[in-house]
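Enquirer: Pulled these features from Swiss-Prot for this protein:
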ACT_SITE  ASP239  active site
BINDING   HIS12, HIS14, LYS94, ASP239  Zn(2+) 1 binding site
BINDING   HIS14, VAL15, ARG16, ASN40, HIS133, HIS243, ALA255  substrate binding site
BINDING   LYS94, HIS133, HIS167  Zn(2+) 2 binding site
MOD_RES   LYS94  N6-carboxylysine
Amino acid sequence: MEITLFDPIDAHLHVRENALLKAVLEYSSEPFSAAVIMPNLSKPLIDTPITLEYEEEILKNSSNFKPLMSLYFNDGLTLEELQRAKNKGIKFLKLYPKGMTTNAQNGTSDLLGEKTLEVLENAQKLGFILCVHAEQAGFCLDKEFLCHSVLETFALSFPKLKIIIEHLSDWRSIALIEKHDNLYATLTLHHISMTLDDLLGGSLDPHCFCKPLIKTKKDQERLLSLALKAHPKISFGSDSAPHFISKKHSANIPAGIFSAPILLPALCELFEKHNALENLQAFISDNAKKIYALDNLPSKKAHLSKKPFIVPTHTLCLNEKIAILRGGETLSWNLQEIA
């Protein structure tokens, strides 16, 4: 059995910086045509010059790959700065509630504050797409749900602003997407295939720790259903986020799952298992092209076949290991060729 996926798109990707970027970027830039690049670096991408500098670093270390750059939402994003960004081809804003995830200490503390709403108004005028890490302070399994009132306010106040709920993790968010025309979402491999049991049902597995948390069986099944039918308001976004094993095995474990090396084979395996391979093309590419109005992307054909693929346990960067999701396991699909 074989399948060819055309122009795969990752609508949510972390490729880090410097040596780590060089170590992990190829896992995404080779099989994917494009990816929405997250701006929460150690020095966040708060303006156009910094963002373009980072884009150049990505382009220098890849080929036939389009990084879709995003700005880190902040009060300094004036109308003039947003116009400057748009003129340079930047079309995404990423809003992080303060302290909710990695490098979100510079995030937005008042989500409905006057300055936040002013930036959103200007973003709507200029046709930006708003990507939201949709969590608010509260019980860990309810953080996404607790953000619903903010998302509804955004959707109603800015009806022409396209809003993406990043890495959807709570089944209760599905109704929100179906209620508002301008609300969309991305789904990760881990949220549609894993539950809290994978994280802490046996021994604690730090390599399955992410934000938002993988949740209950009900959440996983409902989200998987969206993916399997390639719901038109949903696109694939891996949220692949590498960390060194030395940090993952520390007393202060960073959130993030490095899934990039297995994405296409694992998705083929999952969709085939549920007799939905015919919908994978829409989930992995077609929906994103429509939602984000993407064109003139690098052409890619990812050829996969149903042959065993033993997942490496890790990759290396500066003699440090980075654990790969499902490392040591054998997947039933293998990425054979990229053309």
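Backbone N, Cα and C define each Cβ position, glycine as well.
For each feature listed, report its degree of burial, its nearest neighbours and the pertinent distances within the displayed model.
Expert: Sequence-distant neighbours of ASP239 (active site) (same chain, 6+ residues apart, CB-CB distance under 8 A): HIS12, LEU13, HIS14, GLU166, HIS167, THR186, THR188, HIS190, CYS210, GLY256, ILE257, SER259. For the recorded site, ASP239 (active site), the DSSP three-state label reads coil.
For HIS12 (Zn(2+) 1 binding site), other Cβ atoms within 10 Å of its Cβ number 25.
Taking a C-beta cut-off of under 8 Å and a sequence gap of six or more, VAL15 (substrate binding site) has these contacts in its own chain: LEU21, VAL24, LEU25, SER28, ALA35, ILE37, ILE58. Following the DSSP three-state reduction, the secondary structure of VAL15 (substrate binding site) is coil.
Taken residue by residue with DSSP, HIS133 (substrate binding site) is part of neither helix nor strand, so it is coil.
Sequence-distant neighbours of LYS94 (Zn(2+) 1 binding site) (same chain, six or more apart, CB under 8 Å from its CB) are MET38, PRO39, ASN40, SER70, LEU71, TYR72, PHE73, CYS131, VAL132, HIS133, GLU166, listed in sequence order.
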Enquirer: What are the sequence-distant neighbours of ARG16 (substrate binding site), meaning same chain, six or more residues apart, C-beta distance under 8 angstroms?
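Expert: Correct list: VAL24, LEU41, PRO242.
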Enquirer: Starting from the Cβ centroid of HIS12, HIS14, LYS94, ASP239, which together make up the recorded Zn(2+) 1 site, report each further residue of the same chain whose Cβ lies within 8 Å of that point, ordered by sequence.
Expert: LEU13, VAL36, MET38, ASN40, CYS131, GLU166, HIS167, GLY237, SER238, ALA241
Enquirer: Looking at substrate and its recorded binding residues HIS14, VAL15, ARG16, ASN40, HIS133, HIS243, ALA255, figure out the farthest C-alpha pair and report it in angstrom, whole number.
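Expert: Pairwise Cα check on HIS14, VAL15, ARG16, ASN40, HIS133, HIS243, ALA255 gives a maximum of 19 Å.
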